[in-house]
Amino acid sequence: MEDPSNPQPNQSNLSQCPPLATAPTPAPVRGPYHRRAHSEVQFRLPEDLDLSEPFGGFDELGSEDDLFCSYMDIEKLGSGSGSASDSAGPSAPRSDNPFSAENGGAEAGNSRPRHRHSLSVDGSSTLESIEAKKAMAPDKLAELWVVDPKRAKRIIANRQSAARSKERKARYILELERKVQTLQTEATTLSAQLSLFQRDTTGLSSENTELKLRLQVMEQQAKLRDALNEQLKKEVERLKFATGEVSPADAYNLGMAHMQYQQQPQQSFFQHHHQQQTDAQNLQQMTHQFHLFQPNNNQNQSSRTNPPTAHQLMHHATSNAPAQSHSYSEAMHEDHLGRLQGLDISSCGRGSNFGRSDTVSESSSTM
């Protein structure tokens with residue numbers, strides 16, 4: 001505090017005090033809008049660049065890549081600089097640091113601020129080269145904290161942000177590598193499955209072709225068998241026609257004649273039995289008439305008194321039995337011929353049988 005009684009301080013006291021560092025030029029007043037709006041429309045120089053010192057050439061500013069990298073780092077850390085400064089504040093040296101003002105002022109005067117270097121956009125630089133460019137010794141950082149605490153905080157925040165960015169990048173690379181390995185494994189599995197499916201498809205296609213060929217062969221064999229059966233049927237019919245067993249005109253009625261032949265033997269047997277009974281009755285009537293028309297009355301009387309006995313009638317029937325059996329055999333033979341020739345000879349045979357029975361009865365009556 002100045003003494004109001006001594007408005008002019010002692011010059012010796014002033015000479016003993018170390019020279020104070022000049023206060024930094026205050027930044028121009030910005031508008032109410034966000035500071036990042038300026039970076040989106042125009043390029044601005046970094047704030048840590050000291051324009052008051054003499055310009056030594058473009059080599060001291062660094063390359064265009066360095067300027068662009070610093071610009072990208074400042075824009076990236078604009079939103080998180082406050083929190084980073086709060087976290088770095090307690091650990092960073094403050095105005096009451098052990099460094100004296102004299103050393104700080106001298107070193108600050110001798111040291112020249114350098115341009116910051118950061119990661120390049122393509123990320124081709126290594127960590128060693130980055131640290132070599134942007135690293136600052138702790139004593140210099142302490143001196144800078146005395147001179148420009150805002151700049152020191154920004155440097156610390158940039159270092160922390162670079163470390164976090166590097167960590168995120170490493171994690172992202174690891175994740176991409178893991179995804180690539182997973183996709184390669186899936187591709188290998190799918191390739192194996194595709195090979196199996198292709199082999200199965202090839203096998204099924206060949207089997208399908210073989211089955212189609214076998215089906216065609218079976219169809220051809222069936223057609224050949226049908227044609228062979230037709231030829232055999234025609235050959236059998238031709239042989240029958242050649243041997244005379246079946247005439248061409250009666251070939252159509254061959255099946256019906258065979259069915260009639262199966263029924264004719266039973267019908268012929270019953271008809272012949274009925275015919276024998278009828279013949280026996282006719283024989284009795286004729287015998288009775290014969291005795292009635294005898295010229296001799298004595299004989300008529302004797303015949304009346306002594307009629308033919310049953311034994312005589314049976315003897316007469318037995319004597320006529322061979323003729324009747326012969327007629328039955330002839331009728332069966334004629335029936336067989338009628339079946340082969342498709343003619344109804346059975347009725348004719350029966351008619352002839354009746355004719356023969358009439359002849360036998362007439363011969364017996366003449367006797």
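The first residue you see is number 1, and the count goes up from there.
Quick reminder: no glycine exception, Cβ is built from N, Cα and C everywhere.
Swiss-Prot assigns the feature region 'Leucine-zipper' to one of the listed ranges (176-190, 221-235, 266-280), namely 176-190.
This prediction places the mean pLDDT of the region 'Leucine-zipper' (176-190) at 96.
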